[in-house]
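J.: This structure is in structure tokens; I'll ask about it shortly.
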Amino acid sequence: MTFRSNFKMLALAAMTLAAFATTAHAETWAPTATKATAVASTARTAVTHISTMQAGTLTHVVVALKLRNKAQLDQLTADLMSGRSHKTLSSQDFLRLYAPTKEQVQAVVNHLTKSGFTNITVSANNLLISANGSAGSVKTAFNTELHTYSVNGRSAYANVSDAAVPQSLGDVVLAVHGLQTVHLHHTMLKKLDAGTAARTLSAVGHNPTDFPTIYNATSLPSATNATIGIITQGDMSQTIADLNTFTSNSGYPQTSVSTVVINGASSDTSGVDEWNMDTQSSLAAAGGTIKQMILYTANTLSDSDLTTAYNRVVSDNKAQTINVSLGECETDAQSSGITASNDQIFQSAVAQGQTFSVSSGDSGAYECDTSTTAQSYPAVSPYVMALGGTLVNTGSGNAWSSETVWACSDWQSCQQSASGGAGGGPSLTEAAPSWQVSAGVLGSSTKRGVPDISLDADPSSGALVLINGSPTQIGGTSLAAPLFTGFWARVQSANSNGLAFPASAIYQKAAANPSMFHDVTSGSQGYSAKAGWDYASGYGSLNVANFASVIGSGTPPPPPPGNVLTSGVAVTGLALSTGSSKVYTIVVPAGRTSLTFKTSGGKGDADIYASFGSAPTTSSYQYVSDGSTTSETITIRNPKAGTYYLLLNSYATFSGVTLIAND
């Protein structure tokens, strides 16, 4: 059935809805988490009321249902976050134990059908039910009226009273989305402008391939076992084309990319800068080689479309780490019911071993368009990793030199589109999770504090993102989030994707392991940085190798069979980009008097590290070659019988290299 034919049916149905509304709900109404939309002009938003929405005007709603056995799921996720348990759920386990039942789902479907909705679809994990209807059917089903508005010249609508459901569904329905488009999510991206550049002459932009070197991730193997998910919106054609060019230019293999379209395809290309930065930066941070990248692509940046996208990630349960370079004012998210419904989606992700990496915001401590401090959602969710932003300075060879907060001076400058500053501060809407309270970093506050950590975000030291074939320097916490996405994929891959939620682990281990971080102690974005954790930068930025050693097992798994060396058999045509590495093994029989690893040919700088019994890193090894070319050798006298591991590391991009081992 076409959308046009649905329109005709809905228009006819609207004529009878008023009569239906007076008789269908003899029972009383039960509240939901979706409250009346707060509609008011702010410093950056001009809102004008237009009229009551006509009853036949088409709408699309997404009804969020409540989790079943919520207390048990709370205990399971608490055990995972505390380290008491490492057993995550499969999608089937979640559906069996915690998803709404078929009977509960059917009761909501019946209510929607009787209210005039069509094209009713239930998500695979039973948490969401989407449907097409009209303003009249919304009033019938949820006891609220929709009005139309102009928001900065854009047409929008909103519910003028709280959404409710019949009392019989009060224990089933959590929230109703799609009742307002006044408040939308926005990207967390800032381009370099001349004024910003003039203020920070010491900082430079970086190719995304530089960041593994800057944050000391090069000793970890690429995330070959990990799937990265990215929340996007619009048409992905240019983004995928630019990603293919980026991988080719960087010496990476072509990435397997798939797109999952949410609520219909869109031709919108306005977000291409954002999606290009997310894809290129996360891939580079992951080492250039991953199992797969999945773009979960919403039709719009509305609450309903993005909620559907988040839930699709979780119901698919394919991506271990998911990037979200988006957010909205946390109080808007709370009033619309987004906080309630999305938190349980993110909690389900934690239970399944999935991690959402979320930008903290680009308006300093002032996300909500006022002089009062408030934060961005979903960054404040206790079930996501919140990424703040810094300005990073580098030295020779892109080595990390120093870092300060991506700063802004007051609420007006923090909210300026041309400058901005790193998001961070105490939440107004989310309680502090136990793992943050236990760390003792919040003082007297009882609210979730963000960010957890920070990475490069200031446009002055931002990423040189390939857009339509040309590099463009971009920053924002939209850069920090995909960098962590890639780094975490790398750590997960090295630990067989068996690690739990990283945020809670960071807070538990931070005090005893300060080497995990570059502590950021200067700069302000409404809150000032200081030694240790703070609202300006969290714990600071990561030293990824040290972080991986503390959070993970510390020893990467053996390389796949394809990376096993045979004595006397050369591996030819090797190529790696700067900061990338590859691990090989060779089994040495007893009685050998020497073992030699040798690279030759090609151009660039390839270094060799070797260890017996476990994989080496660039900072932990038993043997290392000496030189700055592609012709380097390690000779081991009287080698032990057993497995030797070799790390081939690209100090500078190399190609055409041959590797051979002889025992």
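Numbers run from 1 along the shown chain.
Cβ atoms here come from the backbone N, Cα and C positions, even for glycine.
What you see is a predicted model, and the numbers here were worked out from it, not measured in a lab.
As annotated by TrEMBL, active site, charge relay system applies to E274, D278, S478. The Ca(2+) binding site annotation in TrEMBL covers D519, V520, G532, D534. Here TrEMBL flags 205-554 as domain 'Peptidase S53'. As annotated by TrEMBL, signal peptide applies to 1-26.
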J.: Sequence gap of 6 or more, Cβ distance under 8 Å: name the residues on the same chain that satisfy this around E274 (active site, charge relay system), in order along the sequence.
T.: T187, L189, T232, S325, S478
J.: So which other residues, same chain and not among D519, V520, G532, D534, have a Cβ within 8 Å of the centroid of the Cβ atoms at the Ca(2+) site?
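T.: Apart from D519, V520, G532, D534, the close residues are F517, T521, A529, K530, A531, W533, A536, S537, G538, Y539, G540.
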J.: By a simple count of other Cβ atoms within 10 Å, which of D278, D534, the recorded positions in the record, is least packed?
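T.: Candidates: the recorded positions D278, D534. Fewest Cβ atoms within 10 Å: D534.
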J.: Between 0 and 100, where does the mean pLDDT of the domain 'Peptidase S53' (205-554) sit?
T.: 96
